[in-house]
Each structure stands twice: as structure tokens, then as C-alpha cells.
Amino acid sequence: MEAGKSSTSVSNGCVDYKGRIADKQATGGWKASPFVIVNEVAERLAFFAIAVNMVNYMVRELHQPLPEAATHVTDWIGAAHILALLGAFLADAYLGRFRTIIIFSCIYAVGMVVLTISASVDSLRPPYCPKKPCIPASSGQTAFLYCALALIALGTGGIKPCISSFGADQFDESDTKEAPKNGVWVGLGFGIPTAAMIISIVILSAGFSKYRYQKPVGSAFTRFVQVIVVSLRNHVRGVEVGREADLYEVETRESDIRGAKKLPHTEQYRFLDKAAVITDPECNTKNRWRLCTVTQVEELKSFVRVLPVWASTIALGISFAQLSTFFIQQANIMDRKIGPHFEIPSGSIAVFTALNGQILVPIYEKLVVPFLRAKTGHPRGITSLQRMGIGLFVSIFAMVPAALVEKKRRDHSSDRLSIFWLFPQFFLVGTAEVFTYVGQLEFFYDEATDGMRSINSAIFLSEIGIGSWLSTAIVKIVESATGGLQDGWLRNDLNASRLDYFYWILTGVNAVNFLVYLWVARRYKGRNGGGRSVRDESAVEELVRNKENADDKGEFRSQCSPIWWKGRSS
């Protein structure tokens, strides 16, 4: 038994709040999970409460033109998800996930308070305007609102890449009893989510003694730059990597990336292997700006491998952005009455998408996955790449009913269509989201090395952000190319707009994106050289175990006695 460990100690490097090796009986598992789940639910409640209502708020209260308000919201959503890269960097390099979540949750809560003040104080909004033209918000009023949204975006960027990984940290993957549970990680209107966010911070903090903590392992981006710099330097010097190249690795059981296991060598991207080639037997083996380890090189390779998949799924974010912009505006001018006394708030129409997830996910997990597992032998029924492909295929057809319904609504604007005509487009976008985003979460988590968990979560979130920004770009291009706010397809008045044409453009974008994804997915190779996720491949795990056993026997050597990789694909 290793020093400091007992039979109930975790094996994934997590520690408790006192810095000791975490004990399974006292920390983690379902003892800690409820605190984490509450924070995640509160953050999502607050974020989506703002996202689905902000276009209406900007149009009705700040008197902004509809296309302009829609682009402001997609810009904000994009920034919130892109800032996940900052949160992941701080968590991995300096703060750890728990501290990052707490600090950015507080920033988030301050932003919610400022937003609530903005929506509640009359002097922070233009005067009430029952009839157009209306006085637009002043620069000061707009700046106050944007300050609130900036704080919320920053808070989201810190929380989102860490919360799922922090939840996963509470379960030990090597423990067969704990590992399967990892899969669970799936005005007054502003005041309620504000209170929920503040309460969630208190609840999350209350569980600190029961959590398991992964110590910061240093910045993955710094390690990436080191590999690139050293490989370029060695390339300029004429260094070549042969089939039996002497590639450097530390001789300890673990890698020299704190808390990270060693990674086996792969044959892909052999140019990067030059960073681990020993060129000077007298060099300082601790200086990673001169000599990198095999694990460090393989970490960058893992990152590079997922980039084409990441890029080829961004277009879904464009369609997803419509859920909180133009879909909501369609609902505004449709018949939302249920009975004589109740009218559905337009911002609540997004529940169609949520209900989709509540219906589809249980059916898929309980019925479809067991059936597919029996046919394919794959533990998840189908691979993550196949699951994403299904979602992207559905996304093509998601915008078709949107275009057809909008044309019908516009042609019969005198007779208000029922809001339930929007159900197909919400349902199909939700279906595409369930398949693609869950597949992406699985894929990025599976492909993440020990030192890249938060970074890979941030990559996934940045995809949603870039999709939102692309939505902004397409709106501006369409608006400019078709005649502007007065005569173009996207005007302040939807009845005078041709929003259906815009939806057909998105249908074409999704179709082209699907074809690109098929090309990328068919050529994707994981760390094992195959197309399946690395965690689905027992061969890789077996190779790692064999290598570790060999390390213990002294069969692998360090800088002065280099490792000899036999040119064999891992």
C-alpha cells in the first residue's frame, strides 16, 4: 500500500479539502453531488431565463430594432461560451475547479444583481412608449445593461468548463462501483434567477468538506507552446524522427504533468515527435523549452486530433442561436392563448425544446441504447461520432418546418396562427441538440487527457459561442445584402420581413456542414489509430498498464538512457 493511502482511498489523484488523499467513504460520490447539481441548475436557470427574454427586453424596453437586438443577444451568448477558455485555463493552471467555480459564481451573482437593477429602476430605461416611434435607450442606460451582461458572461465562462468536470471528479473511474455514475453529468423575471444563483453559491460552498479536489496541473496551453517551439527548433536543426527514434520520457510511474498518467506514443503528427528527440545528452532534462516528454507531445496530439471534429460541428450553434432570438419573436405575434384566461409567455415557448430532452433522453437511454448495444457490441450502442452525425443530420430538417411555418404565418398574418405551429421546429432543433451536444460531451471527455479535462469542456462550449457569433455575422450579411432594415429580408416588423428566406439559408448551411462532418468523421483517428473514442478501446488501456509494469521493472529509461519506441502504432 502506497504511503498515505488506505483501502478506501481514491486512485485518481483527488485530495480532500485538507490536501490529503481523498477517502471514498467520506468524500465524493452522491454525498457531494447534490451540492454541485444545485449550482449547475441555478446557473442554467439564470442563463436561459436571460437568453430567451433578452431580445424582447431590448426591443420593448430599450427600443432597439429587432435584427440589432437579435445580434446583441447572440454576441452575448457567444462571448459567454468563448470565455469558457479563460475559465478552463485558470482552473487547470492556477485555481483548481472548485475555487474557479466559487469565484466566478460570485461574479455571476453580481452581474445578476446589476441586471435586476437595470430592469427595475426607471431611470435606467427609456420612458414607456405605447406607440412608435420611440426614444431609444441612452448610451449610459445601454452601457449599464451591457455591464451586467458582461459580468454574467464572464461568470458563465468560469463556471461552465469546470462544473461538469468537478462533478466527474467526485467519482473514481477505476472503481467499478463508482465509474458508471459519471454519466449523470448530463424585473421579477430577472430577480428570481438572481436569488437562485446566490442561494446556489451558498449551497455549493456548504459541501466543501465532502468534495474531492483535483490539484491544478499547470496550463495545457503553455505545454502546447513548448512542444511547438521545441519541435520547430529541432526541425530547423535538421532533426529527424526515425522508426526507432529515441524519444524522452521521465522514468517515474506517473508523468511529470502533476496528476496526469503517462500517455503511449502514437504515429500521427510525427513532426511533433521532434520535440521529444534527444539532441544533446548533456541537456537539462527539466527544461521543457528544450526537451519535451512523450506524454507532453501526445497531449498536444490529442488536442489537434479533435479540432477538425470541433470545427465541423460549429454550424449547429447557428441554428441553436435562433431558439432565443427569431423563434421567440415569431411566438410574440402568434396566438398564445390557452383557454379564455391564460396566455403563454413568448419566452416560455423554449419549453418545447426542454420537453423534447425530457422525452427523448430516457427513451434513447432505456430502450434504444440496449437494443443498439446488443447489435453493435458498443457500450453506448453507437459511437460518439455516430451520435453527433445523427444530430447534425436532423439539424438539416429542423429549419425546414421553421421556414414553411413562417411563410404560412406571414401569408395569413391577419389570422393569427396558434403558437403550437412552432412545435416542430423547436422539437427538431431540440432533437439535434440532444444527439449532437451529448455526443460532443462524450467525445471531448473521452478524448481528454488527464491534464486537459477543463480545456476540452471549454472547447465544446466555445463551439456554441462561435456558432452564436456566426449567427450574428449571417444576420448582418443578409440584412446588408437584401436592403437593410427598411427593405431587406430582416426588418423590425416580422410581417414585412422574409424570415423564411433566412431559414432556408440556414437549411443550406446545415446541409453543407453535415457533408463536411461526414468527411471529417470518416477520417478521424483516436489515439489508438482507429475511429472510436480512446476510452472505448481496451487495447490502449492494456498498453498503458503494460508500459507501467515495465516502468516498475526498469525496462524504460530516461534522458541519459532514452526510451526506444519501435515505430509501432498505439
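Even glycines carry a Cβ here, placed using N, Cα and C.
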Fill in the blank from the handout: When TrEMBL is consulted, the range among 32-53, 384-405 described as transmembrane segment turns out to be 384-405
Handout entry: Feature contact check the transmembrane segment (102-121) with the transmembrane segment (309-328), CB under 8 Å, 3 or more pairs
Key = no
Fill in the blank from the handout: Listed stretches 141-163, 340-364, 384-405, 417-438, 501-520 vs the transmembrane segment (102-121), most Cβ pairs under 8 Å: range 141-163
Problem - Within-chain partners of the transmembrane segment (501-520) [C-beta distance under 8 Å, separation at least 6 from its ends] - result: 308-309, 311-316, 318-319, 322, 326, 388-389, 392-393, 395-396, 398-400, 402-403, 406, 474-475, 478, 489-490
